[in-house]
């Protein structure tokens, strides 16, 4: 009876989800509308949904519950009723590494093909290891926080006292299980930023100097600006974004981080902004470009099923247009840092090639930051200098 209820709840939420908003936001709304669901019901429904979407488009001819059982077996280190009932021959192998579990599923279901999980594998940047990348979708990414070295011991102690497993990545980075509500655990006096490990790694190409004037042109809520400021506290900042709501979130994060002096503008970078920016000349520009987000789909696995491949070309054109419109405000000899959280070649290496062809830029270095071996996102960063 309990399994029947779990499956019914899973199927009802699955049927209600149209993909117009991220799954986690849909679940918040759905659970508010169905208050009869207890905490355990919500927990199992969420687990089943995320497991199901992590399967991508694999074994599509199998019925929904069989696919759910396979997905939950691959994704989870603890058992479930759906595995016990619908995949009993594999239930005892729940604790095996994901590679071993994939082999068991392939032996049990010859029609299971790992490459079907991610339908766009031919679009991947060349440096992506396809096998490791595909396997990573069955492992939930960690939550990473960037901290000040002086707070390392205190933050680690408070998390440990709260029973939170902590993985020490470096003196300035900690990895935690996803879903932790840090604001309920850590003291307000402690300074930390939630930022993916790969996002932090983009900062290795920033190389800011004291009193440089930098423009974070697609700032969103300010993650890259905060990283830039941490690397060089004396840097001068201007931030901009198309969305005022994002800039309000940025204001809150800057206030918490103690950043008080910065300029802020609401700008559409697809338009001519000379009237606003004609007097500006920057020592560096951060372009964290709008993109498909395909390097973060381990956190939003519903995109494996719902992504429209035509959007790759749309974002690629958008990225080139934005870069073209901002580079005119960069001083000669100064860096443009181009970044995406995409794994698609057309948004990464192909955009770099287009910018080198069309703009007065020279490439210093570009990197595909592969996060899948660290339970992190995958990203791309390129450092140009203006000729």
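The backbone N, Cα and C atoms fix where each Cβ goes, and this holds for glycine too.
The S-adenosyl-L-methionine site recorded in TrEMBL comprises 241, 288 together with one of 212, 268, 350, 377, namely 268.
Largest Cα-Cα distance over the residues recorded as binding S-adenosyl-L-methionine, namely 241, 268, 288, equals 14 Å.
Here the Cα atom of residue 288 (S-adenosyl-L-methionine binding site) is found 8 Å from that of residue 341 (active site, nucleophile). With the fewest other Cβ atoms inside 10 Å of its Cβ, the least crowded of the binding-site residues 241, 268, 288 in this structure is 268.
DSSP gives residue 268 (S-adenosyl-L-methionine binding site) a coil state; it is part of no helix or strand.
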